[in-house]
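Colleague: Can you read through this structure? Questions will come right after.
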Amino acid sequence: MTLLQNADLMTAIVTPFDDEENIDYGRLEYLTNYLIEHGSNGFVIGGTTGETPELTHDEKIELYQHFGEIVNGRVPVIAGTGSNNTKETIAFTNEVAQINGIDYALVVVPPYNKPNQRGMVAHFTAVADSVDLPIIIYNIPGRTGVKMAQETVVELSHHQNIAAVKQCTSLEELEYIVEHRDPDFAVFTGEDAQALTARVLGANGVISVASHTYVDQMRQMYDSLYRGDYQTAGKLQRWLTPRMAALFMFPSPSPVKAVLNAQGFNVGSCRLPILPLNEEEKRKLETALSLPTNSLTAKNLPLNLGE
């Protein structure tokens, strides 16, 4: 857990595309540097927010190579390598393990074929035993259709090559895992609205989507907590929570990309089957985020969207 000890606010970063839907590495570098400078201290590349289902194998390898060079060891980098095929997961993870600057592999609970708990243990054990990169469990039942039980996460936490979990379930389950995990096992919530509470409960932090657009406020929230200024930390979380929810009111990452484009990061559109927001959806998102009318179309938002 050494590299993850100081990583409390990690961003599940988008994949920028140009007008021809090629990956735009210049925009990726610009966004990455901005986020690091403003308090994000770790990244997931090639995750759900990075549109990994829409990337080819070769694109992922090239993306991870470029991203390792961009970050250059400044913060931990976690690359998505999971699938619902154990042998393919092992092969791809070992391929990614050869890339400089990739510190961990994010391995999702197998979607679609929906293994039971024994199958999950067998899958993650086989992967962890066979790869040259520490892995992080990605437990996101809302997308996979099946949930890894809290007891199963705890069981797997004792494997020497399973370093952490990104947990997208209830706070009660997160609390159980924090209480019963192996001491060297890191726990991150993948639910932005749980960011403050998870840290108070003893989790290591959050792997966030909202930190793209609210990195200053989230950094201030955690720093206020560490100073013992609970009133400010709580106020910030309450201010953030409805905005965090709004970033998922349409299929992700189209909302966060719309805001980033309006801020001048120019991360482009989404690949099919995810569509960019239409004008009606932009108006609804502006209202939910308390943004000026037509600001997402005019692309005149400031970098800091705070009060």
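Every residue gets a Cβ built from N, Cα and C, even glycine.
Got these off Swiss-Prot a minute ago, pasting:
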- Thr48: site 'Part of a proton relay during catalysis' (SITE)
- Thr49, Ile207: pyruvate binding site (BINDING)
- Tyr112: site 'Part of a proton relay during catalysis' (SITE)
- Tyr138: active site, proton donor/acceptor (ACT_SITE)
- Lys166: active site, schiff-base intermediate with substrate (ACT_SITE)
Colleague: Tell me which of the recorded positions Thr48, Thr49, Tyr112, Lys166, Ile207 ends up closest to the residue listed as 'active site, proton donor/acceptor' in space, Cα to Cα.
Modeller: Lys166
Colleague: If you count other Cβ atoms within 10 Å of each one's Cβ, which of the recorded positions Tyr112, Tyr138 has the most?
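Modeller: Its Cβ has the most other Cβ atoms within 10 Å: Tyr138.
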Colleague: Counting Cβ atoms within 10 Å across all protein chains shown, which of the recorded positions Thr48, Thr49 comes out on top?
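Modeller: Comparing the recorded positions Thr48, Thr49, the most crowded Cβ belongs to Thr49.
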Colleague: Give me the Cα-Cα distance between Thr48 (site 'Part of a proton relay during catalysis') and Ile207 (pyruvate binding site), rounded to a whole Å.
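Modeller: Each residue's Cα considered, Thr48 (site 'Part of a proton relay during catalysis') and Ile207 (pyruvate binding site) end up 12 Å apart.
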Colleague: Distance check, please: Cα of Thr49 (pyruvate binding site) against Cα of the residue listed as 'active site, schiff-base intermediate with substrate', rounded to an integer number of angstrom.
Modeller: 14
Colleague: Do you know which of the recorded positions Lys166, Ile207 has the most other C-beta atoms within 10 angstroms of its C-beta?
Modeller: Ile207
Colleague: Please report how many Å separate the Cα atom of Tyr112 (site 'Part of a proton relay during catalysis') from that of Lys166 (active site, schiff-base intermediate with substrate), as a whole number.
Modeller: 19
Colleague: Distance between Lys166 (active site, schiff-base intermediate with substrate) and Ile207 (pyruvate binding site) at the Cα atoms, whole Å?
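Modeller: Cα-Cα distance, Lys166 (active site, schiff-base intermediate with substrate) to Ile207 (pyruvate binding site): 7 Å.
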Colleague: With DSSP assignments reduced to helix, strand and coil, which class does Tyr112 (site 'Part of a proton relay during catalysis') get?
Modeller: coil
